[in-house]
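Here TrEMBL flags 18-43, 55-71, 77-94, 101-126, 132-149, 156-174, 180-200, 220-246 as transmembrane segment.
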Amino acid sequence: MLFSIGCVSISSYKGHTIFAFILSLFLFYDPLAIALAVISTNIPDFDHEFKRYQVLKIIALGGLISLFLYFMGLPYYLGLLISLLGCIFLLSSHRGFTHSILGVIIITISLSLFLFFGMGLFQYSLISSDSINLMVLLILIIFLALLFLNKKLSPIFLVAIASIIISINLGFIPSLKINLTLLVFSIFFGLSSHMILDSFTPLGVKAFRPFSDVEYHKKFGVLLFLTLVIMFVLLFPNKILFYFSFLVNFI
């Protein structure tokens, strides 16, 4: 699948990935948030027909995870969330529900709960700590990358994550602090950036599915982008102060 921006045509997954990566790089300066934004922006297109077999595997995998956790006496709803996502893709037509505002919100909630419950598994362990939670979070992010990223992107992504883990263990970079609000927003941001880019294509997006089939185009994309920026400023004022002080020192 191709989309065009100006006179440049690039494959859909590459365009969405580059767009989300560049924007999140400027906003977040947090590798965990950037990683989740990149993964999330690739998720909406799982409603496409050619992804059907992969979606069925996601549903089955979620079921197997649920059974395993159930017999281990652990929260089995972790796997059910994965199956739920698969069912959403299966029932959605292309550029339908997963490309709508309601779809973005539901997928954001599902992925966020998956991360929360995943890290919460170690509450059943005596070795739970911030460092353990960080490693578990990285493993969960890798799992999501293997599920949702294109096979051509996955090796690059995994090398980047491995580099972060090695650098932390060797003390080259300080241990990352988990900011749950930022992680949730980065998922929402990645999914929304997909809608923004699709709004600039001739087909546009049906932003209010399943309640309306009206297509929205560039003006909606610009409005959604400005909304994300405003949300970022309101949620993370300290980061704005950081950018401002950096700019002052640079000048």
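Even glycines carry a Cβ here, placed using N, Cα and C.
Please treat TrEMBL annotations as automatic predictions, because they have not gone through curation.
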Report, as numbers and ranges, every residue of the chain located at least six residues beyond the transmembrane segment (18-43) whose Cβ falls under 8 Å of a Cβ in that stretch; write 'none' if there are none.
-> 10, 85, 98, 107-108, 111, 137-138, 141, 144-145, 148-150, 153, 157, 160-161, 164, 176, 178-179, 182-183, 185-191, 193-194, 196-197, 232, 239
Same-chain residues near the transmembrane segment (77-94), Cβ under 8 Å, at least 6 residues beyond its ends = 43, 45-49, 51-52, 55-56, 58-59, 61-69, 103, 106-107, 110-111, 113-114, 117-118, 121, 147
